[in-house]
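In what follows, a single structure is set out as structure tokens and then discussed.
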Amino acid sequence: MDYDFKVKLSSERERVEDLFEYEGCKVGRGTYGHVYKAKRKDGKDDKDYALKQIEGTGISMSACREIALLRELKHPNVISLLKVFLSHADRKVWLLFDYAEHDLWHIIKFHRASKANKKPVQLPRGMVKSLLYQILDGIHYLHANWVLHRDLKPANILVMGEGPERGRVKIADMGFARLFNSPLKPLADLDPVVVTFWYRAPELLLGARHYTKAIDIWAIGCIFAELLTSEPIFHCRQEDIKTSNPYHHDQLDRIFNVMGFPADKDWEDIKKMPEHSTLMKDFRRNTYTNCSLIKYMEKHKVKPDSKAFHLLQKLLTMDPIKRITSEQAMQDPYFLEDPLPTSDVFAGCQIPYPKREFLTEEEPDEKGDKKTQQQQQGNNHTNGTGHPGNQDSGHAQGPPLKKVRVVPPTTTSGGLIMTSDYQRSNPHAAYPNPGPSTSQPQSSMGYSATSQQPPQYSHQTHRY
């Protein structure tokens, strides 16, 4: 390239430090890099933005995948990539996003902490329904455009704070997303270990080579159960497995302890799973005779004859072929009964959740991790399984994930899916304050999480 042209191009390239004020406003940190809450220096608007600085120099395959997809995908419930900055001096990459003040990881944590403080505050029924509907709407859009998210978990479900998009769900962290319209090889051959353990579908744990959109639906079912109970439904001891083998005994054991062991008639193709022989060697069906989703949810006061439970059953169907689709789920009777889903998940009432706090440069995001994990494992008494400690966000609470190549997606013949219209309900009374909860720096928008958790559960770190 001509030297003079390079100099001219460099002088004209916009620099993130010239456009945005973000010093001292770090809200997330992890192996992927750093995330800052930022404002425009020129004062053209008063909006908050999220600046994600990618760790290292150049662009990783994961970052390339995320950028390629986000440049093509446009939907109210999928996070918007506004701009990409390339720093010529230090070869750093910056991604500019809309700023979301909340995420489901912190929202659920808030309600779990209220239970621990003996002042339980349940997530309002209408809020749970609105959250689920918008998650399904965003995933339906991705699936209609041939994209699997593959890493759905509460940390990657953002919720906008005060502003024009108040209470709007944003699905974030497309770093593990993949196109599935015409893969050159089965997806499992490229990277068999995907999705955070607790939200991983049973067919993944059994080594399925041709997994489908159903893996995202299972993860949504896990999130739905967590919204209803304030506890992760399939929490399990987390091991740092240095292998690409997707089989995970303890995670399967936890699923069977909740759901029961699948009958042959309920999942006929289970015998075709690569790890079926290992499954039959490690497990005995009669061990889980008294286990069922009905019994588990009844313990959390979710009635088996409720429409919410019926939808949960369809989302958490063991057989991926029989599992409901996002489009079918959005048409479920659950969403037709009062309270109806709203575009503002807070339904116009006061937002009780604290805003994110800034991290200091010296303050580690994983502060107190080991101590917390040891305490939790010491107190463990759930079906013989422990609880995972925080993993760095690059590993997303599971074995290392292989990076794979991806190209920008093509839209379906009808173009991009349009957003759904939401019915708006009248504002409800403000949420009661559950009293003091754990105080810690807030992580943000799929960014790296802090480690001090309410009792029982150390959760995954998260990224934008």
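The backbone N, Cα and C atoms fix where each Cβ goes, and this holds for glycine too.
Record note: among 1-15, 46-60, 286-300, 1-15 is the stretch given as region 'Interaction with CCNC' by Swiss-Prot. Asp151 (active site, proton acceptor) sits 18 Å from Gly33 (ATP binding site), taking the Cα positions as reference. Same-chain residues at least 6 positions away in sequence with a Cβ under 8 Å from that of Gly33 (ATP binding site) are, in sequence order, Lys52, Gln53, Ile54, Glu55, Gly56. Compared over the binding-site residues Val27, Arg29, Val35, the count of CB atoms lying within 10 A of a residue's CB peaks at Val35. Of all the Cβ atoms in the protein chains shown, 29 others lie within 10 Å of the Cβ of Asp151 (active site, proton acceptor).
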